[in-house]
Amino acid sequence: MIEYRKSVTVHGREIGLSTGVLAQLAGGSVLVQSGETAVLVTATMASKPREGIDFFPLLVDYEERLYAAGRIPGSFVRREGRPPEKAILAARLIDRPLRPLFPKGFINDVQIVATVLALDMNVPPDILAILGASTATMLAGIPFDGPVAATRVGLMGDDFIINPTYKEIEEGELDLVVAGTKNGIMMVEAGANCLPEEDIIDAIDYGYEAVQAMLTAQEEFIRDLKIEPMAFVAPANDPVLVSFVEEKASEAVAEVLRSFELSKDERDAKLDAIEAELGTTFAGLGEEDPLREKAAANASKLPALFKSTTKKLMRKQILVEGKRVDGRSLDEVRPISSAVRVIPRVHGCGLFTRGTTQVLSVVTLGTASDAQELDDLHPDDSKRYMHHYNFPGFSVGEVKPLRGVGRREVGHGALAERAIVPILPEHEQFPYVIRVVSEVLSSNGSTSMGSVCASTLALMDAGVPIREPVSGVAMGLIKEGDEVRILTDIQGIEDFLGDMDFKVAGTRDGITALQMDIKIQGITLQILEAAIQQSKAGRLHILEKMLIAIDKPRVELSPYAPRLLTLKIPVDMIGLVIGPGGKTIKRIVEETGAKVDIEDDGTVVVSSIDGAKALAAKQIIEGMTRTVEVDKVYLGTVTRIIPNLGAFVEVMPGKEGLVHISQLAEHRVRKVEDELNVGDEVVVKVKEIDQKGRINLTRRGIHPSEVEEARGQ
């Protein structure tokens with residue numbers, strides 16, 4: 001294939017697309033480049049469908065190669081291993097706007113791989129990867145209702161920035177990614193510094209406008225190469241079988257969906273029983289029945305048709321009657337309860353229950369050495385706040401092996417982390433490293449937002465001086481033609497059978513995080529705006545209920561949390577405190593039982609569960625790094641005697657000076673040992689500090705009041 005290139009300019013920055021040179025055996029391959037960031041994206045489709053499944057088998061991988069940033073991996077084998085968290089999040093960012101655009105019923109395996117080949121710190125690669133994934137999919141001829149593209153929107157002062165640099169993202173008030181097609185918005189994800197809803201809506205609109213040029217460029221790119229997608233027609237269901245399912249099940253399903261008093265388990269059990277009875281009825285059909293001609297094939301279609309019937313009836317009930325399966329109105333939140341200190345010894349914990357969704361969050365406070373060092377494309381990257389999310393099988397009543405953290409758990413933890421970070425205190429105010437673990441104990445929708453609420457409770461319980469409490473809510477959507485219903489606080493069945501899962505978190509004053517995924521091919525800005533505005537009332541209601549348990553951070557930390565003391569020492573004295581081979585700092589730790597962490601700028605953090613031990617270590621370090629002043633009087637200890645020369649006296653930890661034999665007393669001294677012995681406490685004055693930093697001391701000319709002052713220090 002001959003190389004083909006095309007470029008598009010988005011808000012003054014050129015983005016280039018090229019194909020035909022790299023990865024020629026992949027179904028579709030495109031190199032996306034902007035500045036000096038280059039991402040190779042490939043899309044490959046299996047030649048045959050994967051039979052026996054009822055989902056689309058799409059796999060998206062995002063590969064960070066550290067050579068892209070001129071680095072060698074820090075692992076023992078010096079090779080990239082399991083994808084880091086940022087790579088997993090980038091893969092999910094690519095997946096979410098693409099997945100709804102593949103046709104229903106399409107079950108060929110598709111794999112999209114985005115490999116970062118070069119990294120320019122002015123151009124984050126994830127946005128380029130989304131553009132490349134869409135283009136590569138179309139180049140491969142895979143059935144796909146694209147193109148789709150994305151852009152990042154930042155906010156500096158009052159100005160929005162399209163595709164900001166890493167520095168602008170870090171210093172700005174907003175990090176928002178919006179993806180869309182020409183039909184509408186497909187995905188939104190954002191972290192914000194408590195911005196008003198109106199600013200978020202304006203940012204989405206601004207970003208969606210910037211996406212249009214990339215959509216046009218892709219269309220021209222594919223048209224110029226004369227790529228035609230593979231013809232695909234979704235297999236049609238036998239209308240006789242559809243009628244059979246609707247006739248036999250609709251009335252019973254509708255009755256269950258209107259039984260508002262049923263719990264989730266009771267409703268699920270009744271629906272399962274109806275589905276089982278449907279199968280029994282089908283199996284009992286006579287041989288002469290036309291549905292029996294392809295009995296095995298038709299029987300395998302029953303579960304999907306039953307789900308379709310349930311979905312249709314639930315959606316109709318919401319659209320026509322405005323009633324949900326639990327009897328709530330469209331904007332009503334489920335019953336809420338909150339509690340803190342539900343388990344002993346931990347540094348802080350919060351239990352948040354909303355309906356049958358329940359999350360326990362636990363806070364652990366640590367020191368600087370507990371910060372997470374990230375071995376990824378970003379050098380010297382570390383985190384002082386970590387949020388980990390666990391979703392065991394028992395939370396949904398299932399048997400599931402516990403085999404590590406999946407992509408979903410990483411994504412939910414990152415979203416909760418993003419929601420909390422803007423309200424954390426500055427490091428100088430609260431120098432702890434903070435880890436929060438959210439344990440999902442029961443799941444019936446919106447566990448990620450439950451994690452945000454439980455974590456806010458836990459942080460306040462731990463005594464972390466957060467700026468404002470944060471709450472979160474998940475919004476849903478039912479859309480049939482022009483009929484639209486927005487749901488507040490969706491539960492599992494509404495998420496499963498609905499069109500949107502839109503999570504919004506924030507304080508009383510504004511939004512800190514949001515994430516929108518849809519199952520349809522785009523929604524308008526007007527629908528999105530309505531969902532954001534409706535979410536505010538839900539968030540504030542939830543926040544009010546949360547604050548019943550605890551309304552502000554505790555003044556005292558848990559007795560089991562470490563006590564931190566900080567001090568600043570001159571950078572040139574770091575080596576003195578550490579000592580040769582770490583000898584000095586080890587001695588301080590052994591003597592006091594405290595932990596000592598020293599940063600490159602001279603910040604020293606001393607920690608211990610026993611505050612007295614931390615104070616003792618701090619005083620030792622202060623003494624070691626205190627500057628000795630000329631003409632000042634000190635109480636010191638004799639450390640060495642040099643016959644006929646004098647005595648060395650330690651006036652501060654690690655700082656010794658010489659008292660010459662002529663300076664030992666007002667009278668003539670013939671022998672040093674006649675005046676002093678090793679271990680004696682003695683009051684001395686600093687006579688001078690020579691050019692080499694050597695301290696000369698004297699015992700002569702010291703006023704009695706100075707002696708008393710020195711002994712009293």
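For all residues, glycine too, the Cβ spot is worked out from N, Cα and C.
Taken from Swiss-Prot, the feature Mg(2+) binding site covers D495, D501, and the record attributes it to sequence analysis. With a 10 A radius on its CB, D495 (Mg(2+) binding site) counts 18 other CB atoms from all the protein chains.
The annotation domain 'KH' is assigned in Swiss-Prot to 562-621.
According to Swiss-Prot, the domain 'S1 motif' annotation covers 631-700.
Within 10 Å of the Cβ of D501 (Mg(2+) binding site) there are 21 other Cβ atoms, across all protein chains.
When averaged over the domain 'KH' (562-621), pLDDT in the model lands at 90. The helix, strand and coil residue counts that DSSP assigns across the domain 'S1 motif' (631-700) are 6 helix, 36 strand, 28 coil. Broken down by DSSP into helix, strand and coil, the domain 'KH' (562-621) contains 32 helix, 16 strand, 12 coil.
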